[in-house]
Each structure stands twice: as C-alpha cells, then as structure tokens.
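*Asks:* Please see the structure below; I have some questions.
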Amino acid sequence: MIQIKNLKKEYRTNNTSNLVLDNINLEIKQGEIFGIIGHSGAGKSSLLRCLNLLEQPTDGSIFIADENITKKNSKQLREFRKKVAMIFQHFNLLSSRNVFENIALPLEIQGIPKSEIKKRVFELLDLVELPNKANAYPQELSGGQKQKVAIARALALNPLVLLSDEATSALDPTSTKQILALLKILNKELGLTIVLITHEMDVVRKICDRVAIIDKGRIAEMGKTLDVFLNPQAPVTRSFVETSIHTKVPDFIAKKLQDNPYSYDNTYPVVQLTFYGDKGKMPIIAEISRQFNATASIIQANIETIQDQIVGIAICHITGERQGWENALRFLSNQDVNLKVLGYATADNI
C-alpha cells in the first residue's frame, strides 16, 4: 500500500541545513494500523506530512497504491490527495460552520450535488456516532466530539489512507479511548489503512499492528507491536516501553544487583518472566519449587494488554542451592516464556 524508499528531508535556511529525515525505508501494508512514535523533534511529523506531500521530500520516493506520488505535478496531486485524508491534534474545524457544514465542505469543493452531500454527511454522522449533532457548532462540542467531526470530514471522499497527526494528544483519557475505538472500527469495517504519529506508547499498544520508532531522523526500530513491547532492542524504544508497561526493575533493587553470580556467597538470580496468550496458564513458578528445590519470590508483577493480548510480567528472585537455581534457569530458558536475567543479589539484600 505505502512504500517509502531512501527518503530524506532537509530544511535549508541561508547557509545552514537541518536534516530531519535521513534515509527512511519502510512499507505499510494495506488495511493495517501503523504507528510512528518518537520524541519531539525526532522527525515523525515531517515524515507524516511527506506522505501527502504537504512537505516535499529532498530525496527518495513514496509510493501509495503503486503510484509514485513524488513524481506528480500540482494537478495530479490535487486528485491524489482525495485518497489520503488527515486529522490533526487541534481538529481544524471552522467555527462559523455547524457540524453538517464542516463535514460537507470537501464534498462541496468537489461539486457534489446537494442531495448526495446530505445523504453522505448523515451516513458519516452515524458512522462516528454523532447522529444528533448535525446542527451543533464546534464550540458546543467536547474535544472528543470535535475529533469525531474531523474524522467524519476526513472520510467524506472515501480515502484509502487516513493520516493521524497526534489526534488524541489534546484529549482527556475517556475521549482518547473513544477515538481509538472508533479508529479500530473504521479500520476493520472500511478496510482503511491508518498511519498515526504519536509520542504516547499507550496509543501504540492499544491499536497499532506494527510500529516504527524514529530517533534523530532515522528509524531506530520497527516491528510488530507485541514484539517491540516484549523485546525492545534500541535504547530509545526501551525508554518508550517503560513509560507504558511496568518492565523496569525498581531503582532501589537495581542498585543492589550484581552482574556476576559469583560476586558474593549466596548470590541468586533476579529474573524477568514475560507470559502472553496461553503461556500465562503454565504453573511455572510452582514447577520451579517442585522440581528443583528452589524458591521463586515475586518482587513485582503486572498484567498488561497489548494489541488485545493479555501479557503478564513478573520479576522474581530465585533462591536455593546453586545447582537448584542453575537447573531452574535452564528449565525456564526451555519454556514458552520470555526469560531475562536482570542480575544477581543475595537473599537478604532484596
């Protein structure tokens, strides 16, 4: 659906230049929700705006539905932009127009007959669950309702792709939940490809099929959302994941961990176990005690939801005779769970 090849974007002013996108390569599949996350200034907004050529790339190419959009002239671009809609953080509704008129605007610009406009607008109002708000003005709506109107307007011309530029950043938690649920419905019912940028990892884990993490203009990491959350590779990815799910060892414990199991007498492993799906049904901690005469004391445990998957994350201190806990680690490494040895600590130091 979307292919980005060797994309670069450079801003030049006088004798200075600022490279904000550096050799971006990625492919977004038709019908998926693809997240792009990064800190402020990482380049994510510039990348999104290149996808509808609001920003002209300095180099590289972008293909959408097998069309090289970077080669289009102004007239061709106007036609192409009907296929790629966009919603924004601050809604961009016209305060002088009511809800009906805001949604109708792109249809009016295309010269659609009034009878067809009326039918289409009310279809969209039903779709975004605002059937009784046609005559309301933006100032009479909540933030979540305004974003729903913006989404309806974006869908007026039946686009193939919806670009979302921090669409939930200005919303309260309840409205954010409603907008994300709506985007998932639109994705499934309309087969709509959605590309969203955000700085909120919670948004990514709730609705994105895959995610790319951008750092300093480059893709630091990319993959399926569940894989990225459970096994982040890049430091910037780990920092984002830690803001969304509780994978980080508490600082007061981390300070006590040793890298070497033989640093002191009676030093035992502190491990992180991650379960998801049916894996969480296995009585692994009980098995450690039963089979190896070792004890797994839970330091911290959390249940998370990532892409509709239940994920359990437990940090445990495994104590006992050295042969026992070494055998327990070998046992865990052969089970269908993610095992990470975080360090070693004495029994009385945790």
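Glycine is treated like the rest: Cβ placed from N, Cα and C.
As listed in Swiss-Prot for this protein:
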{"type": "BINDING", "residues": "GLY38, HIS39, SER40, GLY41, ALA42, GLY43, LYS44, SER45", "note": "ATP binding site"}
{"type": "DOMAIN", "residues": "2-241", "note": "domain 'ABC transporter'"}
*Asks:* Can you list, in sequence order, the residues of the same chain other than GLY38, HIS39, SER40, GLY41, ALA42, GLY43, LYS44, SER45 whose CB lies within 8 Å of the CB centroid of the ATP site?
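*Replies:* Residues close to the ATP site, other than GLY38, HIS39, SER40, GLY41, ALA42, GLY43, LYS44, SER45: HIS199, ILE214.
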*Asks:* Within 10 Å of each Cβ, count the other Cβ atoms and name the one among the binding-site residues SER40, SER45 with the highest count.
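*Replies:* The residue with the densest Cβ neighbourhood is SER45.
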*Asks:* Other Cβ atoms within 10 Å is the metric here; tell me which of the binding-site residues HIS39, LYS44 scores highest.
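*Replies:* Sorting the candidates by Cβ neighbours within 10 Å, the top entry is LYS44.
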*Asks:* On a count of neighbouring CB atoms within 10 A, which of the binding-site residues GLY38, GLY41 is highest?
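*Replies:* Result of the Cβ crowding comparison: GLY38.
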*Asks:* Which three-state DSSP class does SER40 (ATP binding site) fall into?
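*Replies:* Reduced to three states, the DSSP call for SER40 (ATP binding site) is coil.
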*Asks:* Taking the Cβ of ALA42 (ATP binding site) as the centre, how many other Cβ atoms fall within a 10 Å radius?
*Replies:* 23
